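So that you can see what the record holds, here are the features copied from TrEMBL:
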ACT_SITE  His140  active site, proton acceptor
BINDING   Cys148, Cys151, Cys199, Cys202  Zn(2+) binding site
DOMAIN    16-291  domain 'Deacetylase sirtuin-type'
Amino acid sequence: SVSKTSPNLAFVPACLPPDPMEVEELQRFVSNSKRLFVMTGAGISTESGIPDYRSEGVGLYARTDRRPIQHAEFIRSARARQRYWARNFVGWPQFSSHQPNTAHLVLRDWEKLGKLYWLVTQNVDALHTKAGSQRMTELHGCTHRVFCLACGDQILRSELQEQFEALNPTWKAEALDVAPDGDVFLTDEQVHNFQVPACRKCGGILKPDVTFFGDTVSREKVNFVHQRLAESDSMLVAGSSMQVYSGYRFALAAREKKLPIAILNIGPTRLDHFASLKLNSRCGELLPLIV
């Protein structure tokens, strides 16, 4: 039984309630599956109050001209890292407090029932982990972990927050807006005096354990996910337009294997032309209707 959570719809595009015929179709799809492979995207977390990038009217790209940091910029520029971490420091208390919504809890329950074989999320918000999912791969990593680029040492993001506070006892800044990865928007003047700690073990550069835009997912992780897909008998995409190739490649592999593919997403996706089923509803509204 899934506990009901009140959805936060500020960043959810408008859509019609689920059509009973479509609910039946998805029910049939899930019932026919014995080893369901699920891939989730930002659209499953919007009901937890986390904006996505691409949704029409409410996504970050629609509301602002801001763009997420690029991997190469973070690696080569100390100033870019200072700006990134200052903004992340301000946004972290709010971002880390977001809780799973009904859709996350449904997928956790499907796993417990043996229906969901493997879950791959493109999100970095840890909401599936908070919900209790275990048979899962975080394709793009997770903002709740930080590692050193030089020695590989890992720490929790919450520990780094304490280091930021110790280094910047009098520094204050008001957030202008919040982004999907926990970032907020600050002016260059606001971040000018922000101090960024180095790795406590070797003095190296600290980076969130996430795949930034322009970086690639490790070959080991990609191969692992391909293996889980090969062991599955169907694929459900929930809350993703699949515009990013790192996720889209698995849909292409599913098509090659002739696996049935269902999509639950508000708005068009890259898979629409070859999916068995496309549903234009909120994840948190439709998934709980499936038994």
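Along the chain as shown, residues are numbered 1 onward.
Heads up, the Cβ atoms here are built off N, Cα and C, so glycines get one too.
Where TrEMBL records a feature, it is marked here on the structure.
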{"residue": "His140", "record": "active site, proton acceptor", "Cβ contacts under 8 Å, 6 or more apart": "Gln122, Asn123, Val124, Val210, Thr211, Val217, Ser246"}
{"residue": "Cys148", "record": "Zn(2+) binding site", "Cβ contacts under 8 Å, 6 or more apart": "Gln154, Cys199, Lys201, Cys202, Gly204, Ile205, Leu206, Lys207"}
{"residue": "Cys151", "record": "Zn(2+) binding site", "Cβ contacts under 8 Å, 6 or more apart": "Cys199, Lys201, Cys202, Gly204"}
Inset, instruction - Quick one: of Cys199, Cys202, which of the binding-site residues has the smallest count of other CB atoms within 10 A? - result: Cys202
Legend entry - Zn(2+) site, defined by Cys148, Cys151, Cys199, Cys202: further same-chain residues with Cβ within 8 Å of the Cβ centre: Leu149, Ala150, Gly152, Asp153, Ala198, Arg200, Lys201, Gly203, Gly204, Leu206
